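Here's the structure, in structure tokens; my notes come after.
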């Protein structure tokens, strides 16, 4: 076995055998599912309906308030307002709706009161208002002696039907699927870089503090050790992702069986037939999902993943070599985290609004942000030459950074007992 | 002479600091070679160059007459002063891994490991993690790992520090055994008693420069001062002292003796020892007559403080 393969194997096994790795790998999908199930369970639980007391002196509106699952209405117009207010204070009821008796509708509209101890849900209040408004409008129309039926018939109801130029039906929020997929991949890369980059750094620091480093590099070149470490760690990470994907796939299949979504790509005619109803929409989403450039996405995910991860983890390795312990690494970590954060923010704010705008395009070319930003753009369709340019820049930078990092690494691993400054790191480049 | 290692005019600089200033060494095959020098003299820098951990700025290093190259990694075994192993890795796997990095096949590494684990009676440690072992136990593993691939040249940086006397002795015997089998051993140390006991050749490095190199015995001859320690029982102390001080430089000596005698340290200069001995014999009973050989420690201190 070649030296590099030996190192990769050792690093891989060391990571995979680690207890926290095993726990993370198998527990986190379960935790995610358990969490989802828990949230789902919570949302199915119904709390008791809130009781709203109505004191309607006008007698116009009482019949308009229909009990729902969340709210029930009690007509207490006969009781005195003062005692009703007391019972609100005593928290016997959720709220008191007071409608006075007024002949003038305008005055009536301005004098309706909602009394409660807790501030009400704004949606509920606007429902309340529209219920009252509807009745008052009707009353106004009657007073003005207009034909209410004719007016009702004259009201136009518009629902824009969404479709693409290719003639297929479209769904509102389809962009969200693209955003979701792109953002998901971009986010995944960021998480991977941070988690596994840190792992590379820790393992470099471990070799330094264990003082085994001198024995190892009397046998192998520092560059081999660094690359072996980066590759071995990334393989462990890929294994973790594959396990997550398999577990996730199984869960997705199970879930789709329950929801009745057809996850095989539909025949051409089918898409137009499924139109209405939430199930139809769901089917449409699923269809759209499979119409995304999935192959391109997966391939570019892998390529950008390799480029981005290697770029960042070699910087992590260099930092690990430069410091003696993890606390000292903080000052050097900030410049790594910043571009990653920037990439995600640019992705969420620029790409979603304007996937092919200047900002999004620029950041999908800059090597430190391109793995994340470009992946977010790809679901919206990116010209191949842009991807090519961005990849050339990414991998060019990658080789440059690896070269610099290995120089710092080579010197750093033999330096003990001092906290280096940026200036010193620069000096090491020249040794 | 047949040298396994030749260091030729090596210069190494770190920034403005010169760690090695034109250092040349010749390590004879099959010898135990003491690389001496105070802390910070440049020993570790030199050893790192021999191990190809760093490259010299100028000069070259020849191993067995060939310029150092990556194939030589398997010919050298190195135990650094700062010992270290992977704490959470099992002893056996770790040793196998390190041996494979030195170019041994897995099967061969396993065979060698079994042999050494048997020999040092540590068979039960295979599945233990380093963090479960005591410091002394870990040092044994460290030693095994260093010699497992049967290197021609062994470099030990402060080999006995951290060992208890029993283990230190054990390791010393193993090193002598390796020498018998043909290996060359370089000790880098500032513990002179082990040098005195083991080394055939020494070199002294001080402030980035090599000051002394050669066979231990030759170096000692070079530093001999023709001084003799004598013990004599005599009734004529004053007369003897008078005669001695006329001819030689005389001082008080301090050695252990069973007799209640006169102890002196006498530098005879160019005179022959017999002249002194005759004079003493005429005046009383000689109980002690030894040439004072400079210890490595004396040479070390004398040279370094010059």
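Heads up, the Cβ atoms here are built off N, Cα and C, so glycines get one too.
Automated prediction, rather than curation, is the source of TrEMBL annotations.
What TrEMBL says about this one:
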DOMAIN    A:19-406  domain 'ABC-2 type transporter transmembrane'
TRANSMEM  A:21-42  transmembrane segment
TRANSMEM  A:179-200  transmembrane segment
TRANSMEM  A:238-261  transmembrane segment
TRANSMEM  A:292-312  transmembrane segment
TRANSMEM  A:332-352  transmembrane segment
TRANSMEM  A:359-378  transmembrane segment
TRANSMEM  A:384-405  transmembrane segment
Hey, which bits of the same chain come close to the transmembrane segment (A:21-42), Cβ under 8 Å, at least six residues off its ends?
15, 236, 239-240, 243-244, 247-248, 251
Could you pull out which residues elsewhere in the chain have a CB under 8 Å from any CB of the transmembrane segment (A:292-312), counting only those six or more residues past its ends?
177-178, 181, 185, 188-189, 192-193, 196-197, 230, 234, 336, 340, 367-368, 370-372, 374-375, 378-379, 381, 387, 391, 394-395, 397-398, 401-402
Give residue numbers and ranges for long-range contacts of the transmembrane segment (A:179-200): same chain, 6 or more residues beyond its ends, CB-CB under 8 A.
15, 229-230, 233-234, 236-237, 241, 289, 292, 297, 301, 304-305, 308-309, 312-313, 315-317, 320, 336-337, 340, 343-344, 347-348, 351-352, 371-373, 375-380
Could you give the residue numbers and ranges of same-chain residues that sit at least 6 residues beyond the transmembrane segment (A:332-352) on either side and whose C-beta is under 8 angstroms from one of its C-beta atoms?
175, 179, 182-183, 186-187, 190, 193-194, 197, 312, 315-316, 319, 322-323, 359-360, 363, 368-373, 376-377, 380
Other same-chain positions with a Cβ less than 8 Å from the transmembrane segment (A:359-378) and lying at least 6 residues past its termini are 179, 182-183, 185-187, 189-190, 193, 293, 296-297, 300-301, 304-305, 307-309, 311, 339-340, 342-344, 346-347, 350-351, 386-387, 389-390, 393-394, 396-398
